[in-house]
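In what follows, a structure is listed as structure tokens, so that the remarks can point back to it.
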Amino acid sequence: TQTEFILLGISSSPRTQAPLFGLFLLIYIVTLAGNIGIMALVWVVPSLHTPMYFFLTHFSLADVCYSTFISPKMLADLLSENNTISFAGCVVQFHGFAFFATVECHLLAVMAYDRHVAICNPLLYVTVISRHVCHQLVASAYLIAFLSAIIYTASTFGVSFCGANRIDHFFCDVNPMLKLACSDTHSNEMVIVAFVAINAVGTSGVILLSYSSILLTVLRMGSAGSRSRAFNTCASHLTAVSLFYGTLFFMYLQPASRHSSLDKVASLFYTVVTPMLNPFIYSLRNKEVKDALVKCRRR
């Protein structure tokens, strides 16, 4: 079997390497600064010590981690002519990415449930979303993600790689890896699709049910101001959900024969661009976060 692979990267043109390196380095720095900044802000400002921001800190942590499994290697390859990665390195990179991406799926569902309880049952919110429940929900997200990532990794790398070793991608993803396999991969692909469906479709179902209930509750509100506040609370979360799940479904819930050159663009979006946008989409549009930033500046 192969002991190392060659990542062909984003572009084969030498002229584009330096501009792409500068662009993606900037994106990665903004990703780290934005998400770590959100975590630090929630940590130091007591008014943000609520369940919603507790979930948000873990969401930001997942953004930082799964972006870090992809971006540094991609940036190094843009400056290097030797774009090799060992078999073990490939396994670690994919497992880390799969783990934190799955964590994000479950955290988005948990956040939707949190908003559902806050808007539909505000009097029971403190009881239903207690500190103990928050820790249980987050721990469950990490546990399910860890077990799922093991299955994804075993299904992707539990085949024979005895021929070509050139991965037509910028990281060790499912479809480019299975294309290099010498053995039959049909059963492996079915297992991966099944578990992606369980995680992505299952969590998106929770999100849809939560927001359907929220919509019905908001429409019954008599005050236009109350409806506006409720919609503003949910708008950022829905934007993050649409960006993340849209590209995820495009990549992992389509037949292998339909994959094309657009895969790299979609992969760049959910591995590099979305983690950078989430702090701005989800937090900086939020009035509580803005007020917390103002307080920190005054201090």
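The backbone N, Cα and C atoms fix where each Cβ goes, and this holds for glycine too.
Model, not experiment: these values are computed from the prediction.
Same-chain residues lying 6+ beyond the ends of the transmembrane segment (20-45) with a Cβ under 8 Å from its Cβ atoms: 10-11, 53-54, 56-57, 60-61, 63-64, 67, 71-72, 74-75, 78-79, 272-273, 275-276, 278-280, 283, 289, 292-293, 295-296. Look at TrEMBL and you will find 20-45 (among others) tagged as transmembrane segment.
Summarising the annotation, TrEMBL assigns domain 'G-protein coupled receptors family 1 profile' to 34-282.
Annotation comment: TrEMBL describes 91-113 (among others) as transmembrane segment.
TrEMBL lists 133-154 (among others) with the feature transmembrane segment.
Within its own chain, the transmembrane segment (190-218) is flanked in space by residues 102, 105-106, 108-109, 112-113, 115-116, 119-120, 144-145, 148, 151-152, 155-156, 174, 226-227, 230-231, 234, 238, 241, 245, 248-249, 252-253, which lie at least six positions past its ends and keep a Cβ under 8 Å from the stretch. According to TrEMBL, the transmembrane segment annotation covers 190-218 (among others).
Sequence annotations record features per position, and here TrEMBL assigns transmembrane segment to 230-253 (among others).
Annotated transmembrane segment per TrEMBL: 265-284 (among others), in sequence order.
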Mean per-residue pLDDT computed across the domain 'G-protein coupled receptors family 1 profile' (34-282): 85
